[in-house]
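Peer 1: So TrEMBL says this about it:
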type     : residues                                                                   : note
BINDING  : Asn22, Asn86, Gly96, Asn97, Asn180, Asn213, Glu237, Arg238, Gly247, Thr248 : substrate binding site
ACT_SITE : Cys95                                                                      : active site
ACT_SITE : Cys95                                                                      : active site, proton donor
ACT_SITE : Cys246                                                                     : active site, proton acceptor
Amino acid sequence: MYRSELQQLAGLPFAKGHATGNDFVLLADPTGALEITAAQVESLCHRRFGIGGDGLIRAVPTAQMSGYEQQFNENPKAYWFMDYRNNDGSIAEMCGNGVRAFVHFLLAEGLVNLPVGQSLQIGSRAGVKEVTRLTDGYAANLGPWGLIHEDQAASDSVDSMVRPSGWEQALPALSITMGNPHTVVALPDQGMLDDLNLFIAPEVSPAPPYGTNVEFVVPAEPLIEDGTARVKMRVFERGVGETLSCGTGACAAAAAMRYWARGTALINNWSVEVPGGTVGVEFLANGDAREDTVLSGPAELVARGIIGRD
Ligand SMILES: N[C@H](CCC[C@H](N)C(=O)O)C(=O)O
C-alpha cells in the first residue's frame, strides 16, 4: 500500500496548508475529473510514506460534486465545493479549520478573487458555508450548532459518558452537532487536560452510530476577559486521532460550555486555545433558538509540490 496509490496520482500538483496546526493536503480539481479513493487519501496523508496531513481537501466545482449539484443550483454563488476527507480516508461532513485553509488555497491558486472584508460561499456536505476574509485570517460561518439528542434539552444535559484511556471513571459528556458529530467533556483543571493520554481513542458510551470527535475542555484563567469567555481544549478526532486543533470541535466545545451555563448571562464571544494556537468562536443570535456559529482564525499554506516524482 501507499506506493502504488501515490503512483496512481503521479504528476498531480498539491499544496500543504494548515489552520492552527490542523493540517491538510489540498488538491485543485477544476473539472471534477479526480476520483480520489480512500486508499489514496490514506497514502497522501500518511506522515511517513506520504505528504502527511490530518485530512485531504479537494476543491471541485459544486456543480460537478456528485450528489451535491443541487447545492449549486440553489446557491450559484457557491461555485467551489470543499470535498473533505479524514486521513484514514473516511468522509466528514464539515471541517471548520479546513474551510478556512480551503479559501486561502483558492485565493493562492487564483481560483477566486476575495478582497479583505469580502465573503464567499462554499459548498460542503454540511451545506453552503460563508467564509469572510479578514486582515489576519478568515471567519467561517458554520451555521447553527445543535444538540444531537434533542431530548436532553431540558434535563441534566448529559447524554453520554466518556472514559479516557487509562481512566477507571467515565465522565459525563454532551453531544453537539456542527454538521459533524462532537462529544464534549468539561474537565475541572488544566492538569487533568494535560495528563490525558490521547494516543488511544477515549471510549464513548453509548457508542455513537457514526463515530464522534471528542473534545476535552477546561476554563482558562480568568474565564472572562474583555467580555470574551476563554477556554482551553484538546481533541481526539474521528478518523484521525489527536490533532493540534479542530475548528468544528472548538465551536462544539464553546457551545457545550455555553449550554451548560445557560441559566446565567449567555456569552456570545469565546476564545478557544488549542495546542496549535487559538481560534475565536462567536454565536450570532439569528432570531431563532439555533444561533449561527462563526469560527475565526488564521490559515496558511506551507508548501506546494508534485505528487509521485520518482
Ligand atoms: N478538523 C476539523 C474537523 C474534522 C472532523 C472530522 N474528524 C470528522 O470526522 O468529523 C475541523 O477543523 O473542524
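The backbone N, Cα and C atoms fix where each Cβ goes, glycine too.
For each listed feature, how buried is it and what is near it?
Peer 2: Around the Cβ of Gly96 (substrate binding site), a 10 Å sphere holds 30 further Cβ atoms from the protein chains shown. Secondary structure from DSSP puts Gly96 (substrate binding site) in a helix.
When other Cβ atoms within 10 Å of the Cβ of Cys95 (active site) are tallied across all protein chains shown, the result is 32.
Secondary structure at Cys246 (active site, proton acceptor), taken from DSSP and collapsed to helix, strand or coil, is coil. Neighbours of Cys246 (active site, proton acceptor), defined as other CB atoms within 10 A of its CB across all chains, total 35.
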Peer 1: Using C-alpha atoms only, work out the spacing between Gly96 (substrate binding site) and Cys246 (active site, proton acceptor) and round it to an integer in Å.
Peer 2: 7
Peer 1: Other than Asn22, Asn86, Gly96, Asn97, Asn180, Asn213, Glu237, Arg238, Gly247, Thr248, which residues of the same chain sit close to substrate? List them in sequence order, counting a residue when its Cβ is within 8 Å of the Cβ centroid of the site.
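Peer 2: Neighbours found: Gly55, Ala92, Met94, Cys95, Gly98, Val235, Val240, Thr243, Cys246, Gly249.
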Peer 1: What's the longest C-alpha separation between any two of Asn22, Asn86, Gly96, Asn97, Asn180, Asn213, Glu237, Arg238, Gly247, Thr248, the listed substrate-binding residues, in angstrom?
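Peer 2: If we measure all Cα pairs in Asn22, Asn86, Gly96, Asn97, Asn180, Asn213, Glu237, Arg238, Gly247, Thr248, the largest is 16 Å.
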Peer 1: Restricting to the chain of Asn22 (substrate binding site) and a gap of 6 or more, list residues whose Cβ falls under 8 Å of its Cβ, or answer none.
Peer 2: Asp54, Gly55, Cys95, Asn97, Gly98, Ala101, Thr243, Leu244, Ser245, Cys246, Gly247, Gly276
Peer 1: For Glu237 (substrate binding site), what is the secondary structure state per DSSP, taken as helix, strand or coil?
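Peer 2: Once the DSSP labels are grouped into three classes, Glu237 (substrate binding site) ends up as strand.
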